[in-house]
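Inspection log for the structure reproduced underneath, given as structure tokens.
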Amino acid sequence: MGLPVSPPTVRIIHSGHACNVEEERHTERVYTIREGETLELTCLVTGHPRPQIRWTKTAGSVSDRFQDSSVFNETLHIAKIQRTQGGRYYCKAENGLGSPAIKSIRVDVYYLDDPVVTVHQSIGEAKEQFYYERTVFLRCVANSNPPVRYSWHRGREVLTQGSDKGVEIYEPFFTQGETKILKLKNLRPQDYANYSCIASVRNVCGIPDRSVIFRLTNKTASPSIKLLVEDPIVVNPGQTVSLVCITTGGEPPPILTWVSSNDSLPQRSVVKGGTLTLPAITSDEAGVYSCVASNNVGNPAKKSTTIVVRALKKGRFWITPDPYHNDDHIQIGREVKISCQVEATPPEELTFSWLKNGRALRSSERMVITQTDPDISPGTTNLDIIDLKFTDFGTYTCVAALKGGGIPEISIDVNISSTTVPPNLTVPRGKSPLVAREGDTVELECLVSGKPKPIILWSRADKEAPMPDGSMQMESYDGVLRIVNVSREMTGSYRCQTSQYNGFNVKPREAIVELIVQYPPTVEPVFMEMRQGLGRPVVMTCRVLRAHPSRVLRFEWLLSNRLLHAGAFDAQRDETEYTIRSLNRDGWGEYTCNVINEAGAGKCTFQVTGKAYPPEFYYDTYNPLWQNRPRVYGFKLQWTQMNPNAVDRIVAYRLGIRQMGLQRWWEQEIPVDGTINKGELMTHNLTELIKPESYEVRLTPITRFGEGDSAIRIVTYSGEFHCSFEEEPICMFTQDKNDDFDWTRHSAATRDTKYTPNTGPSGDHSGSKQGFYMYIETSRPRKEGDQARLISPFFNVAPKNPYGITNPPAYCFGFFYHMYGKHIGTLNAFLKQKGQTASEGLVWSLSGNQGDRWKQAKVSIHPTSSFQVVLQGIRGPGIEGDIAIDDITLEEGECRDPPPNLSAKALSTSCHIWLLCVTLVLTLLEGQR
């Protein structure tokens, strides 16, 4: 048999809760669904090998792959679909042959929210009594898809434009019909009433209308509120804060809500009526809190307060030597300044005090104490010692506190003495360059001398790159930078530098530490499976990609931990090779190549095996062989073998079959004669499968090596045959050799530009330009009365029961037809039964122009033996008479839809058969009497 490999094709079908599926201008399929229902789209594919399927949504955002339990399709399933999930869904199928097949469908989610009425008075006319006079606007808005239509009622009276001179109804231009405004001009007593706005989407998808009532009175007024709290509120952490908001006006009574500048209210907050309670408040919960009152009249009212949570943090100091001398040391007789800094909330409550050796210190001519403006944060205080004396040596303490109290003070001690000296930085001997192995924990070290010892700042010196913790700079109090699990990217130069904090405010001292991270060789392939037959050569190559140090010491080849070969790399080569000249049974197994340097080893692994590749099931033949015995069915299993010549000859296949839901597998061997060629289609008939059970089928190739890789598929009983003519074999339909001409397989995308206008379809039944269908070409040399006949494959039914008359099985035969053109002839469908010498039975017929659209035909048939269906196209009087057919189906059971309109010819045939049956039954009954 020829190569069955074929590129993929795709069709999207739906099986969820659609309320409408329509074709838009032959280019786009639109699937309409109500919000909250279940969306189910199935991608039916053909192609061999079996294509991989992937669902994506508009703009290429990949959704998860949805794997259905059936192997015939892959289904996108979204339960309780939301409006945000509408959009275009693409199904993409690819199997490496040709371009991927892509089909799309637009999902339109329909919904209707409750309408909301808002009320406004024209600006400049508002009095204290909001709605006592002048013009009032009632605006109705409802979120919906499709666009909503609005209607207004006053009491029971329907309001329309022109029905009341005092009322105007209009849609503002800028809203594009999304709202409906009711304008009440110069308010009259009868205008005080109940107004209902009814929003409707005209019952699409069964969505009912929604309505809202607004009562307009002479007391209707916009909301006003009052906050019974101070602004700002300054509290200590851990306190419970209650914010009280009350309404002072508004009709209907306003609804109060609380919002926060921190996006959302704290988790532990409690809202009860207009009161917001924040228990045990923290600094993170500080911010602006707003009370909002709304009653849909006028604009909402909003009042806000700021909560400030007291805090003191980040206390630091620095010493500044006399700026008038080019010397970083402290010296008797010169000036020295001590600075102290903290972050305070609120900054205006910050106070500083100074102590010397534990005693309070006040500002004097020689000891000048200053403080920055309280609004500047962080707050800083300075102690200037103008003329340093020996008696000034001692411990100076700066104390930061908040006036409100309740927050612990921050005390910072600074020692001024003859040993107070500026810092110096050195790298200990042997600590640079520092060599480490990848994954180690390393400590980069800078020795800091001086008193006091400042904070050390670490950063990258060789490039603008973040430090291991992700920041650009890391602080260290002891001069050590500790890096856990060091990686090769961390190789480079690191700068350690003194900061002014907790030390001298002088030019920073710095030093450089080099870090070298060694790592074992990175090699490829990490793992490779090599399949080969006995007696053939096998060559394995292990390549070095990166290593540090790059001077690789040696390599070693092993088979199952047994050393085969070892050696050293020369300077020019970055790979090592091992060859098996002729593979024998002892040569199967796991080969490893270790490439080793000072830091460790990289490993290539090769699995040498004689395992055969898996078979690839062929899915594109029609569904189960029909042996329409009451309880069992058969199935034609077809497959090709992947890379059959890669290993030894396949001598047999082991077939396993298991009924879904049961544990037990049944197994048998299918012998193979001769050599399997690449792409050769193999067949095995499965029989005695129980209706309507599904089965898991496992197929395993067997060679001298033993079992190869298995392939598994599901066989499902569907009782349905479907053919859309997407593949060249056209589902085993054949052209009648005794007719006048043949049906042609065709797609609009490949149609000849010289085709006859005003006849034939512009796409297949699904609207696709790429989709295929069958048609009769009626141009010359065809003449009137010429016929083309397309014959289906045989469908099996059970033999007659010898023990009495039983009802023959019923099937529903359906197809889509396109009969457009002024010269359309006739399309006939016949039932042809095996073993019956009588002529074929006409089951459906239609003649003449049916318009430029696809229509469906369905007819019930009752064969008593194996049968075929025949579709016959007859040319009409001219060239504008192309007839097309697509999507042929055959299902078990009577047609559930109403029967199509038959021509008089078919109807008379049906009636004739029916009258014969009635006459026969009446004769039998008469004989029994």
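Quick reminder: no glycine exception, Cβ is built from N, Cα and C everywhere.
Automatic prediction, not curation, is the source of TrEMBL annotations.
Sequence annotations record features per position, and here TrEMBL assigns domain 'Ig-like' to 8-108 (among others).
As annotated by TrEMBL, domain 'Ig-like' applies to 115-200 (among others). Within the model, the domain 'Ig-like' (115-200) shows a mean pLDDT value of 81, rounded to a whole number.
The annotation domain 'Ig-like' is assigned in TrEMBL to 223-308 (among others). For the domain 'Ig-like' (223-308), the DSSP-based tally of helix, strand and coil residues reads 3 helix, 49 strand, 34 coil.
The domain 'Ig-like' annotation in TrEMBL covers 321-417 (among others). The residues of the domain 'Ig-like' (321-417), classed with DSSP into helix (H, G, I), strand (E, B) and coil, number 6 helix, 49 strand, 42 coil.
The feature domain 'Ig-like' is assigned by TrEMBL to 423-514 (among others).
For 521-609 (among others), the entry in TrEMBL reads domain 'Ig-like'.
For 721-897, the entry in TrEMBL reads domain 'MAM'.
The listed stretches are 223-308, 423-514, 721-897; of these, 223-308 has the most Cβ pairs under 8 Å to the domain 'Ig-like' (321-417).
Across the domain 'Ig-like' (521-609), DSSP helix (H, G, I), strand (E, B) and coil residues number 3 helix, 57 strand, 29 coil. Summarised by DSSP class, the composition of the domain 'Ig-like' (423-514) is 3 helix, 43 strand, 46 coil.
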